[in-house]
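**Q** Structure provided below as structure tokens; questions to follow.
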């Protein structure tokens, strides 16, 4: 078993957003910035920023990893670039105040439509509908989660109506 596989998910997480050199089986060597590690398989996803402004993404299977050596700790700029790598251009960032306003507005809308709604969690950010559906920030139809497809569809339609009415 390799040195990498002997480590656990919390130790693998320490490599995220750092530039590393990975030695894999058959003496293959990879360099790049660690975007993420898989806590189950120990796979590593490396990103390299190319000179033409594009990037390359490489996945290395956890069982093939022999050693991982940190080359560079990275700075805030690199971290931000990696964090927003796969977010779409239309992805909006919301301030805590905006999120609170959206949550309260949606909660009132759902209550007005006689939908039983509660807040759940330590920092009550997630809305819960009848104990079978959750709505996470930023409280859009795509942020709903439920195993009951009928309730999911109806609540998503209500949220869509709310967003249309409030614009």
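Heads up, the Cβ atoms here are built off N, Cα and C, so glycines get one too.
OK, Swiss-Prot features for this one:
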- 7-74: domain 'Sm' (DOMAIN)
- 69-167: domain 'AD' (DOMAIN)
- 95: phosphoserine (MOD_RES)
- 166: phosphoserine (MOD_RES)
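Please situate the listed features within the shown structure.
**A** In this model, the domain 'Sm' (7-74) carries an average pLDDT of 94.
Cβ-based neighbour count (10 Å, all protein chains) for residue 95 (phosphoserine) stands at 8.
Note on residue 166 (phosphoserine): other Cβ atoms within 10 Å of its Cβ, all shown chains, come to 10.
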**Q** Can you tell me how far the Cα of residue 95 (phosphoserine) sits from the Cα of residue 166 (phosphoserine), in Å?
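**A** It is 18 Å, counting Cα to Cα.
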